[in-house]
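A short write-up of the structure that comes next.
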């Protein structure tokens, strides 16, 4: 999967000049993050980390990832509506994982009260790597699907222009013209705007629910600006604002500071540290409201690792998507080997297999946000410690995907310029809107390529490991 710039990597003066141009281009284009020192101030900002050169991606696998995204949108939506499936699948996990258990309890409480929400908005990102099998042929294999706070749709909308500039500086204008246009921020905003419109109140606002620390604000602002351009008002609030000032009226309309909220777009709330007692109360208030939640709690649960593992069991997809034979085939083609660690003979066998050969697997907890997975010796130690404990059921095991590395430069502020051996991960953004039982919108909304040095097993851009990239189709 070599890209046509091996010659550049050996030309140190050309690389230095291109890197200088690249950094200025990133600042000009708005590929920005706040600094670690001042994460809540935009007085001093820096460029988000990115690759010097676009990375090669097999065009057939890129097209396959796009082709299956609408199927994944349908699947996530079907799971979110299937109370029995979620209850059955998460039964072992909620006994040992307090975070998943609390989410599940809110889900059940809202169902018992009766759903006030009638419009449903899903924004997800399905992430893949290119697995080089025994014969060296790359295959598209899904890592996970993110159903809450899937980020970098904004910054990646601006990254291709930076790489286009770099290629031109390096005398590769023809290659620069082959970079694909990509604007997930517009696609995500179209979904939010559709949900806002179907909610049916011109004066209602869209609320971005944001974290206390907001280093990645510009990524969100890209989506926000698309909404302002459509004359849709956006407010930014935290859980504690909701706890202090949020209220429901008799019709379960949600109000913040006296403003009716049509859509709640979560960029927070996906890990346990996002919650204290007040934040859990705020989450319950939001769930009980008529506002369109992106995601509602059932859709967040649909993105758990345990659900991912259950989907790989024979017959599960067919039950969830009856009559969608071709969609099921396309989805299955992307699955890597997934194994349950539930208590019992099957789980015991799987645990023993992983302990015996830890380098063939990844151990995944029920967590979003990157940097949580376990590999190699660490995987073996953790599994040996929990192999006879019910805690084992809060993890799943997955075959380790083995992509073909390529050389690139990873540009980070205040870091030396050096070539690294890298691997990439491709994400496809999906957006869907359902009103009642009718699917009103179902689209792939753009892509995100992230690249990291091979010594880093796990972690995304926000976790400080991966950097933004642009696919160059080969």
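Glycine too: its Cβ is placed from the backbone N, Cα and C atoms.
Taken from TrEMBL, the feature substrate binding site applies to 125, 148-151, 214-216, 220, 267-270, 450, 461-462. The ATP binding site annotation in TrEMBL covers 144, 305, 364-373, 375, 398-401, 425, 452, 458. Summarising the annotation, TrEMBL assigns Mg(2+) binding site to 144, 146, 368. Per TrEMBL, domain 'Glutathione synthase substrate-binding' is recorded for 204-302.
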Of 125, 215, 365, 368, 400, 452, which binding-site residues are close to residue 146 (Mg(2+) binding site), meaning a Cα within 10 Å of its Cα? 125, 368
Quick check for the class: what is the C-alpha distance, in angstrom and rounded, between residue 375 (ATP binding site) and residue 149 (substrate binding site)? 25
If you measure from the C-alpha of residue 270 (substrate binding site), which of the binding-site residues 144, 365, 368, 400, 452 fall inside 10 Å? 368
So if I draw a 10 Å sphere around the Cβ of residue 368 (ATP binding site), how many other Cβ atoms end up inside it? 19
Pull the DSSP breakdown for the domain 'Glutathione synthase substrate-binding' (204-302) and write it out as helix, strand, coil residue counts. 41 helix, 26 strand, 32 coil
If you measure from the C-alpha of residue 149 (substrate binding site), which of the binding-site residues 365, 368, 400, 452 fall inside 10 Å? 368
So how many other Cβ atoms are close to residue 146 (Mg(2+) binding site), meaning within 10 Å of its Cβ? 22
On the 0 to 100 pLDDT scale, where does the domain 'Glutathione synthase substrate-binding' (204-302) sit on average? 98
Calculate the distance in Å between the alpha carbons (Cα) of residue 215 (substrate binding site) and residue 368 (ATP binding site), and round it to a whole number. 18
Cα-Cα, residue 144 (ATP binding site) versus residue 220 (substrate binding site), nearest Å, comes out at 22
Least buried of the binding-site residues 125, 400, 452, going by other Cβ atoms within 10 Å? 400
Taking only the Cα atoms, work out how far residue 125 (substrate binding site) lies from residue 368 (ATP binding site), in Å, as a whole number. 12
